[in-house]
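The site 'Transition state stabilizer' annotation in Swiss-Prot covers Lys35, Lys252. If you look up Swiss-Prot, you'll see Gly70, Gly71, Arg92, Asn191 marked as substrate binding site, on the strength of sequence analysis.
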Amino acid sequence: MTPSTEALPTAVKAQVLAEALPWLKQLHGKIVVIKYGGNAMTDDTLRRAFAADMAFLRNCGIHPVVVHGGGPQITAMLRRLGIPGDFKGGFRVTTPEVLDVARMVLFGQVGRELVNLINAHGPYAVGITGEDAQLFTAVRRSVTVDGVTTDIGLVGDVERVNAAAVLDLIAARRIPVVSTLAPDAEGVVHNINADTAAAALAEALGAEKLLMLTDVEGLYTSWPNRDSLVSEIDTATLSQLLPTLEAGMIPKVEACLRAVSAGVPSAHVIDGRVEHCVLVELFTDEGTGTKVVSS
């Protein structure tokens, strides 16, 4: 008998729930690190959907850890304050004055807003930075521009991770929301690329998955050819493709390669423009975006 139009939505919902069961069992008790950025961080509907996804994971016995950046928000605040901003080699040149703004925006605005959205579902989220409990130790980095090593100020890479700072929050059934600021060995605070920080944290926590939210459908092996979108790729193939990728995708792909090469079972580049993209990727057979696995 053909289901009636009224009965169909209920049947579809039941099918989706049944499809999610094996994935829920697989991920129960596991840590999933999510790099939060792009449109998912600026569109109100997507922000609320993402926050609901985090609460859903927590209530299913999965341990989400959110790492966020805030480039567009930092740029907007610098403009409002009349502070000049410059980029070299794809990185923001970070003077002490720019760093003060970055700290204010990352932890005081972007992180606070996400914590509040998640906590609308219950007392779950706790905002921290890489400065707290020595979560991250940074080492200053430079970039190469036209073959010349170039200083970009207070910009760092993650040198060490104190996983206990986050594991203690997970043990208390909290959702850590991490702003990517970190001191170096001398205590000088640096701004850290959020993609890099997410990969380092996933590795240190022994995460089951690393999810990278982007503003594209996934990884294209020959952009702008839409037919080149791949649903799964191994690290060897992806490493060969890396030099040919669009500049904006390279830090995300490097983060995926780092995490999977360090033992994280899979990393996922997913479309953050899709409502509840995290749930779609984790709990449906088709998923969304591109899965990176070990060779």
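Glycine too: its Cβ is placed from the backbone N, Cα and C atoms.
Remember, predicted model here, so these are calculated numbers, not experimental data.
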Which listed residue (Lys35, Arg92, Lys252) has most other Cβ within 10 Å, given these are recorded positions: Lys35
Cβ neighbours of Asn191 (substrate binding site) where a neighbour is any other Cβ within 10 Å: 28
Winner by Cβ contact number (other Cβ atoms within 10 Å) across the binding-site residues Gly70, Gly71: Gly70
Shell of the substrate site beyond Gly70, Gly71, Arg92, Asn191, same chain only (C-beta within 8 angstroms of their C-beta centre): Gly69, Ile74, Thr75, Thr94, Ala102, Leu106
Extent of the substrate binding site in Å [max Cα distance among Gly70, Gly71, Arg92, Asn191]: 12
Reduced DSSP assignment, Arg92 (substrate binding site): strand
